[in-house]
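For reference, the structure is listed below as structure tokens.
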């Protein structure tokens, strides 16, 4: 086992990364090794997808499968070895299918096929022990390269994982693009070559950022086409009397299905974690039994799910061990999510979840409501732009802070709470992702009617924040980096990595990230990123605020 992809990975003087019997996320060594082998097989699929495309051979099922299966290897997504092995076998089938089509096309045109070694030819064993014996071939830190090359490879790999997740979220909402799929395969195949060219790897990281910008636009289109544009909305964060289902993750299509199937059954539906922004979409407001948001960010789920008196559905990341809170008999996984022994819902029938919710006691009484405001995504931000601009021009608003990203359980993450509390009263705070839970229940007031806290949405809604920044740049006729805007991002996993790459690829500079630097990036790489982009780690609130406000 070697895994260094998330913020909570083990860090020691001898080296970074989880490399024992179990990772910090709870992932067993066997699961980690199978995930590496799955990635290895997917690189083989992509290598032949690239070659097949030279002859006009495109398979939409394969274009869908590769990012979806890749998504299963993100932090806190799939811990089920058997399902991961099934993905690997399917990858082998698809690879060989493309290989055969490519060879036939070459033969038809009288050219010699260029075969792919390694990922292009490995045949998986037929049992789990034998498959695990094959896993060392796919070990991510194999090959004896220096820490800079390894770090750049992993930056690209983990960034592409984040992009794959957003591709799958977009696909669920009927948003696909053959050119995006082609670019994805090209990068995936390149990463399978284990390049030692630092310049090429760095350029690839920027290409991944640009690719993800297109993918986030697709996802934005899918969400707004399906559910309308989010509107500023008051949301209750307390319990409501009655039977209950909690929907966590990111998949709004699943939420819609659950709402449709629970209508009239006396079941209240709550969002959790990154599903909170769903409550701002017009399409969901017709469901009176979508009553609010319960709980906070992913890392608190073992306590929150244990006390939630209903059924829980994990539509995507992040899942952590449900046996700790003894609720594994009433939590259900969807799509690429998996945990051994937890019921996985196939298809679109949620009747088992509904029946479980009806069996359980539900909430006995209504708590006193506590309301928060959400829904400041792209359209709402653009609608507010003239008022915001006027307040900037008259000096009422002097600075913007984007404080968001992933949450986690390290005490150092209180930095983001303290920062939000400490920004000047003439500042606006934009937030997104589950990092918002560090401060989204606080009252920040308003500036001449403009709320000082604007919840933009899920982590992928960084796209909306980017659109606002680009609009303000044009209005004020200045460079993007000359806006009175500071970005402070909390990161935890691979979606945050690809959002960061997207911002860097767009030329955004002087971003601060925390609470720690990615363990896969060497000190030298961090220095290079600081020199080129002004990217730096968070320190303490007072010092960082002074620097961001250009106060000596």
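Glycine residues also receive a Cβ, built from the backbone N, Cα and C atoms like all the rest.
Note that the coordinates shown come from a computational prediction; the quantities given were computed from them, not determined experimentally.
For the hybrid [4Fe-2O-2S] cluster site that Swiss-Prot gives as 250, 274, 318, 406, 459, 493, 495, the extra residue drawn from 156, 434 is 434. The separation of residue 250 (hybrid [4Fe-2O-2S] cluster binding site) from residue 6 ([2Fe-2S] cluster binding site), Cα to Cα, is 19 Å. Using the Cβ center of 3, 6, 18, 25 for [2Fe-2S] cluster, the list of other same-chain residues with Cβ within 8 Å runs, in sequence order, 4, 5, 8, 9, 17, 23, 24, 27, 32, 75.
In this structure the C-alpha atoms belonging to residue 18 ([2Fe-2S] cluster binding site) and residue 495 (hybrid [4Fe-2O-2S] cluster binding site) are separated by 20 Å. Of the chain residues outside the hybrid [4Fe-2O-2S] cluster site list 250, 274, 318, 406, 434, 459, 493, 495, 273, 298, 317, 433, 458, 492, 496 have their Cβ within 8 Å of the site's Cβ mean position.
Same-chain residues at least 6 positions away in sequence with a Cβ under 8 Å from that of residue 434 (hybrid [4Fe-2O-2S] cluster binding site) are, in sequence order, 273, 274, 296, 297, 298, 406, 407, 459.
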